[in-house]
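These come from TrEMBL:
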type	residues	note
REGION	1-42	region 'Disordered'
COMPBIAS	10-28	compositional bias 'Polar residues'
TRANSMEM	97-117	transmembrane segment
TRANSMEM	179-200	transmembrane segment
TRANSMEM	361-387	transmembrane segment
TRANSMEM	408-429	transmembrane segment
TRANSMEM	484-504	transmembrane segment
TRANSMEM	524-547	transmembrane segment
TRANSMEM	553-574	transmembrane segment
REGION	667-693	region 'Disordered'
Amino acid sequence: MAPWPELENAQPNTNKYLEGVTSQQPTTPGKGKEINKNDTGSPVTKIELLPSNSTVALIEEPTEVADPWDLPELRDTGIKWSERDTKGKILCVFQGIGKFILLLGFLYFFVCSLDVLSSAFQLAGGKVAGQFFSNNSIMSNPVAGMVIGVLVTVLVQSSSTSSSIVVSMVASSLLSVRAAIPIIMGANIGTSITNTIVALMQAGDRNEFRRAFAGATVHDFFNWLSVLVLLPLEAATHYLETLTDVVVETFHFENGEDAPALLKVITDPFTKLIIQLDKKVISEIAMNEEAAKNKSLIKIWCKTLTSVTQMNVTVPSPENCTSPSLCWSDGLYTWTIKNVTSKENIAKCQHIFVNSNLPDIVVGTILLLISLLVLCGCLIMIVKLLGSVLRGQVAIVIKKTINTDFPFPFAWVTGYLAILVGAGMTFVVQSSSVFTSAMTPLIGIGVISIERAYPLTLGSNIGTTTTAILAALASPGNTLRSSLQIALCHFFFNISGIMLWYPIPFTRLPIRLAKGLGIVSSKYRWFAVFYLIFFFFLIPLAVFGLSLAGWPVLVGVGVPIIFVILLVVVLTLLQSRCPRILPGRLQNWNFLPLWMHSLKPWDDLISLFAGCCQNRCCLCCRLCCRTCCLLCGCPPCCRCSGCCQNLEEEPELPIKVPEAFDNVAMSREAPDGPPQAQGEAGGTRSIASSTAL
C-alpha cells in the first residue's frame, strides 16, 4: 500500500480569497476596489470578501430523481413558423404532406407484414397446431385446453383461426362447448404475443423500450390474471356456458351477412400476391382426417368448379342401393344410381409460391424472415417519422387530447370512453393485434401513457369479440348455434376480466406489473426475450406434457410450484409493506445466493457469451481464448491470440477535491500502478478511491 502523502505544503492560499491585499504585483486600483483615505491621509484599500466555496461535499448528489414514466417533452428543434420566409413556409407544408404520405405508406406495409407473419407461422406450425386439437381426451382437462389454446394461437398468430377450428369441432360434435371455453381463454392470451414482438423492435433506446414493452405487456398481464381467476371459476360453476346458452335460447338469431371487411379490402390485394393459404386443412387435421395430413397449406387453385352428376356405380348388395327402383343386377354385380361430386380446377392462384413446389416449412421460414425484416424496418421508420412530426404544439395538443381526463367529477368517465374508442378502432381494423401493435410505437415515443393505453387495450379485446359475433351470425345453419355461443363466451370472458381489473383503481394490477417488467427489461434487455419464450412457449409446453401423463402427475407437480410462487409473493409483499413482523433473516432475500434473487450474475454470464459472438475470429479460437482467460484469472483477456476484446474498465467516479490537496504528493501512485488520469471539466478531478479516502 502506498504511504500517505505528505501534506506539509498543502496550506491553502488565503490571499486568493481576499481582494485587495498586499502582494508582489502592482497595487493599481482596478474595477471592484475602492481606495479611501483615513485621517492621516494614507490610502487604505477597502477589502471585500469573495463568496466562499465549500469543499465539504466531495461527491455531488443529484438534486431530484425524475420519474421514469413521465412522458418526454417532444420539443421542436427546427425553425419556428414565424421566422420562415414564404419559400420556407411552402417547403415546410410540402414536407409535412410528404411525411404524412410516407407515414401512411409505412403503416400500410406494417399491417401487411403482420398478415404475412401470421401466414408464415401457419405454414411453419399450422399442422402441429391442428394435431394439438386432435387429442380430444386431453382437451377435457380445462388447464390442458387453456394451454392448447395458447400454443395454437402462438403458432398460427391468429385467434380468429384457432376460434374457427374450435367452432368447426363443436359443430361436428367432436368437442363440447364446455371443453371449448378454456381453449378460447388460451387463445385470448396467445393473441397478445404479436404486440410484444413489435415492442422488441424498439430495444435500441432504453427509455423507449421501457415504455413500449410495458405498454405491450399490460395486455399480457390482463389476460393471464383474468384466466387465473376466471378459469377455476368456470370449471367450478360453468357460468359462461350457462349464461351464453340462455342468451342464445332467448334471442332467436338467424343467419345474417358476413362481417364487413374494412381493412382486408385494402391489404388483401397486396398480401394475396405474396401467399394464399387453404385454412381448411388445419381444421381437417384437427378433426382427424388422414387425407389432410399430406395436403399442403399453400393454395394452388383459386377457381374451381364443383359439379354433381348421376352415375351408375356398383354396390356390394341390394341393401346398399339408393332406392329399390334404382337397383338392378346383371348376374355378376349389383348396380345403382348415385350422385357423384366431381371437382374441376379452372384457374391457378396468382402468388409468388404457387409453382415453387417447396415444402410448407421452407416457405414458412422464408416468409417469417422477410416479414420480420419488413416489420422491423417499417416500425423504425414509423417511429422516426412520428418523432419528426409530433413536435412542438402538435405534440402538446395530441398528448393533451389523449392523456387528459375530464374535469371533476367526471374524470372516471375518461377511461370508459377510451375503452369504447379502442373497441371501435379494433372493429374498424378487424384485428386486436393490428390495433395494439400500431399503438405500441406511440407508447414508446411518449405520445400515449401507460395509464391511457390500458383502457384502449381492454377496448380492443371487446372489439375483436364483436367482430367474431358478426362472423358467427354469418355462419351456416348447422354451425350457427355453436359458433355464436363460443363468440359470446369470448365476449363475456373479456367483460368479466374488465370488471375484475379496471373499475377500482386499486385493482389495476396489470399496469403495475407491466411497469415493473418494463423497468427490468430496459435494464436487462435479454430478459424480454426470456419472458416471451418462458410464458408463451415453455410454460404451456410443460403443462401440456404433464397433462399427457394424467391428472395425478399434473396436480402433484403443479401444486408445490404454485405454493412456492404464492409464498414468494406473500414474503415480498410483507418485506415491502410490513418488514417488522418478519424475522430478521426473512426481512430481505440476502440469505439466498445472489443468482437466486438478482439478475446481475445471469447478465454477466450472458454478456460473457455474447462477447464471444461479437469478435471476428473463428469459434475454436474464441473458445480457447476464453477458457485460457478463465483458468488464468487475469483481468484482461490474453492478447496472444488477438481475438479477445479488452475488458472495459470501470469508469472512475468524478470527485471534487479542494485545491489545497492539488499537489504533487497527492498524485503519486504505487510503483506498479498506471498513471492517474486527470479530468479537466469544471474543476473536477478523477482520483483513485484509496487516495480519496
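Cβ atoms are placed via backbone N, Cα and C, with glycine included.
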Outside the transmembrane segment (97-117), six or more residues from its ends: residues with CB under 8 Å to it: 157, 194, 263, 266-267, 270-271, 274-275, 367-368, 370-372, 374-375, 378-379, 381-382, 385-386, 388-389, 429, 431, 433-434, 437-438
Beyond the flanks of the transmembrane segment (524-547) by 6 or more, those residues with Cβ under 8 Å of it: 132, 138, 141, 143-144, 147-148, 150-151, 154, 186, 190, 193, 196-197, 199-200, 203, 206, 209, 213, 217, 220, 224, 517, 553-554, 557-558, 599, 602-603, 606
Per Cβ pairs under 8 Å, the stretch of 361-387, 484-504, 553-574 packing most closely against the transmembrane segment (408-429): 484-504
For the transmembrane segment (553-574), distant same-chain residues with Cβ under 8 A (at least six beyond the ends): 141, 143-144, 543, 546-547, 581-582, 586
Tertiary contacts of the transmembrane segment (484-504) (same chain, 6+ residues out, Cβ under 8 Å): 163, 166-167, 170, 177, 180-181, 184-185, 188, 222-223, 225-226, 229-230, 240-241, 243-245, 247-248, 253, 415, 419, 454-455, 458, 461-462, 465-466, 468-469, 471-473, 475, 510
